[in-house]
Amino acid sequence: MASFEKDDTPMLSNTGPPLLDEQLGSYFPSYASLARSSSLSIPTSSGIYVSDAKLVGYTGPLRIERKSPFLEIGSKYTRRKPEKSSQSSPGVTESKTAEPLTDKFPSFKTNDESDWAIQHFAGRNEHLIKSGQLGVCNDPFCITCPTYNSKSSKQKSSRMRGIFDPEFHKDLYGEGKGWAVKFRSVWCFLLPYIPGVMNPHAKVVQQWNKFFVISCLLAIFLDPLFFFVLAVHFVKKCIFINWPMTTTLVVFRSMTDFVYFLHMLLQFRLAYVAPETRVVGAGELVDHPKKIAKNYLKGNFFIDVLVVLPLPQIIVFLILPNSLGTSGANHAKNLLRTAVIAQYIPRLYRFLPLLAGQSPSGFVFETAWANFVINLLTFMLAGHIVGSLWYLFGLQGVNRCFRDACNRTGNTSCLDYIDCGHGDEAGNHSPDLRRDQWKSNENATACFAKEGFDYGIYLQAVNLTTESNLLTRYTYSLFWGFQQISTLAGNQVPSYYVYEVLFTMGIIGLGLLLFALLIGNMQIFLQALGRRRLEMSLRRRDVEQWMEHRRLPESLRRKVRQAERYNWASTRGVNEERIFENLPEDLQRNIRRHLFRFVNKVRIFALMDYEPILDAIRERLRQRTYIEGSEVFTAGDIIEKMVFIVRGKMESRVDGNGIVVPLSEGDVCGEELLTWCLEHSSINRDMKRHQIPAQKLVSNRTVKCSTNVEAFSLRAADLEEVTSMFSRFLRNPRVQGAIRYESPYWRYLAATRIQVAWRYRKRRLSRAQTSHSNY
């Protein structure tokens with residue numbers, strides 16, 4: 001019945017588009033029911049379209065009524081509500097025109113059912129919608145969400161600033177009573193500048209994520225530099241701190257902590273996808289502020305608090321200045337190292353998923369080159385961390401050696417000389433006999449010798465700590481870190497110290513991890529650049545092995561190689577069918593119309609001028625390549641396809657008479673198959689189509705490629721399906737006449753029949769003249 005209903009209407013019926021009045025009459029009531037303002041009256045009579053003077057043009061969004069200033073009634077800053085405007089009369093005659101838009105002035109009524117916020121912010125994702133243009137997208141995997149409308153935001157902010165300025169000034173400068181009132185005034189002033197709930201896939205959020213990752217990367221590289229602020233004074237046999245460098249590092253650390261704190265605040269205004277909604281589909285965004293805050297507090301909030309705590313700043317500015325130059329400075333420095341390491345581990349835990357592109361808001365860096373640079377930076381980060389820890393542990397080894405040397409003297413007062421304060425005070429101490437004795441202590445001097453202390457893998461770091469140049473200390477430490485990661489600490493023999501052995505084991509494990517992940521990813525990326533060329537080489541090798549196994553003659557092998565080479569050059573090794581599989585149907589149709597524009601240039605289909613049948617043909621086309629000398633059709637063989645020539649030339653030779661018809665771009669061979677499919681399909685009395693049993697169509701000509709040819713083929717089964725779907729259109733005498741007129745096959749057949757008929761006629765005329773002359 002479906003086919004009967006579809007064929008009931010003639011395919012070429014002269015049914016044009018509906019009249020303009022009918023279209024407007026059918027579409028306009030839907031707009032009338034969605035009036036944006038009660039002051040606008042829309043006539044629904046069809047007579048309104050007769051006169052152009054009566055039309056009311058819609059050139060932009062309707063005005064939204066202005067909000068009144070805040071009125072001080074009861075509680076502070078109660079918003080005035082506008083009055084309800086009078087509803088327009090539902091009965092509108094033809095002579096009435098649409099009422100113009102009018103501005104509505106605020107009143108003192110507190111209840112207003114036409115309040116825009118109440119009408120439009122109710123329902124699902126209400127908090128997300130209130131955040132502005134970022135809230136229009138509810139797709140958790142969308143990457144094209146519009147950015148926030150900065151112009152409207154500035155207008156709103158300026159309007160709110162004008163509202164709050166008088167009251168804020170009055171409460172802030174003494175007329176308000178109590179700190180609570182002043183705090184409430186400050187809060188009301190700042191409230192318009194606080195953003196609403198934002199979509200995690202909005203453009204501004206994506207840009208912030210990239211900036212945040214760069215800031216975290218700077219912080220990750222910055223923290224190990226705190227270990228290099230300590231150095232050893234070779235003459236004084238003491239450890240000092242480079243105070244200017246320490247201050248600089250603390251300032252940069254404070255800046256990165258501030259960016260991290262802003263990111264924490266953003267998490268309270270960033271919608272998330274509920275895990276329970278991911279069972280079916282992409283999930284649903286949760287935009288309620290309380291649920292967002294609860295989800296963040298249950299997640300990584302406390303880890304972020306630990307990361308953002310200003311522990312190095314507190315230790316440097318409050319604890320270290322009071323303990324420098326005393327025996328307690330060692331504990332303060334150890335506290336600084338412990339704080340940096342304690343915050344560094346959770347910082348890595350939060351940063352590495354962002355670096356790998358596993359953030360909740362999607363991939364941070366999406367290009368291949370960006371991932372390549374990220375992998376390289378990760379390898380540098382590993383060397384940076386290992387080298388910095390090696391320098392720190394070497395410095396602690398020197399500290400232990402100094403303390404052992406002091407204990408051997410039997411006088412513990414020398415512990416105060418192990419620390420010599422700031423860097424500028426290292427050589428400016430007042431004369432002290434005990435300090436001079438400590439500088440000349442043999443055990444302390446032996447700490448810089450190889451036999452003086454068992455440093456293990458930190459032996460080279462001992463003399464490095466005495467270098468005054470910071471760049472020298474950092475560069476050599478970075479080199480040592482790269483060397484040990486690359487060689488898996490193969491050239492290092494640790495001492496019996498437990499932490500030293502564990503550190504060596506950690507270097508070996510980190511090196512293996514980097515080689516397995518990062519170096520592997522970089523290798524895959526570099527191979528991906530030449531993947532197509534590698535695939536072509538592998539394909540060529542497989543073909544050669546197959547021809548060798550089947551013992552093909554050299555002439556066939558030459559043609560196979562040529563066909564493979566031309567096929568690869570025309571397709572670039574890309575399977576277009578796999579690409580089309582995952583695309584929507586309408587997008588596939590549009591792409592095929594763009595790619596197969598040659599179908600419109602084919603003379604047979606150009607005369608049809610019917611887009612559905614052309615779309616059906618485009619959907620079933622398959623790309624084919626033929627090398628020079630290939631025979632597409634052979635006389636006496638069954639015709640199983642139609643071939644559309646895209647590029648190249650062919651020759652059609654009719655068997656027996658030697659006539660050659662050239663075929664080039666835009667021509668079709670095998671078009672007789674189309675007429676054959678139409679002639680052998682019929683319709684039963686119950687209006688169901690069926691195929692009439694008949695022999696297959698046999699070709700009477702040979703089609704041969706005179707050059708390399710790129711073409712698209714349409715199989716006989718697909719053509720039968722197309723003719724079955726559009727048989728009523730294709731059976732139109734005009735269409736069939738166009739097919740036969742433009743077809744080289746039918747032209748040749750018609751010319752042959754005309755010639756035969758003409759010969760028979762001449763023969764009859766000659767016989768008639770002969771018989772007439774005999775009588």
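Cβ from N, Cα, C; glycine included.
Note that TrEMBL annotation is computational and uncurated.
According to TrEMBL, the feature transmembrane segment maps to residues 241-262, out of the candidate ranges 241-262, 329-350.
Within its own chain, the transmembrane segment (505-530) is flanked in space by residues 368, 371-372, 375-376, 378-379, 382, 386, 484-489, 492, which lie at least six positions past its ends and keep a Cβ under 8 Å from the stretch. In this model, the domain 'Cyclic nucleotide-binding' (617-674) carries an average pLDDT of 85. The DSSP breakdown of the domain 'Cyclic nucleotide-binding' (617-674), given as helix, strand and coil counts, is 6 helix, 27 strand, 25 coil.
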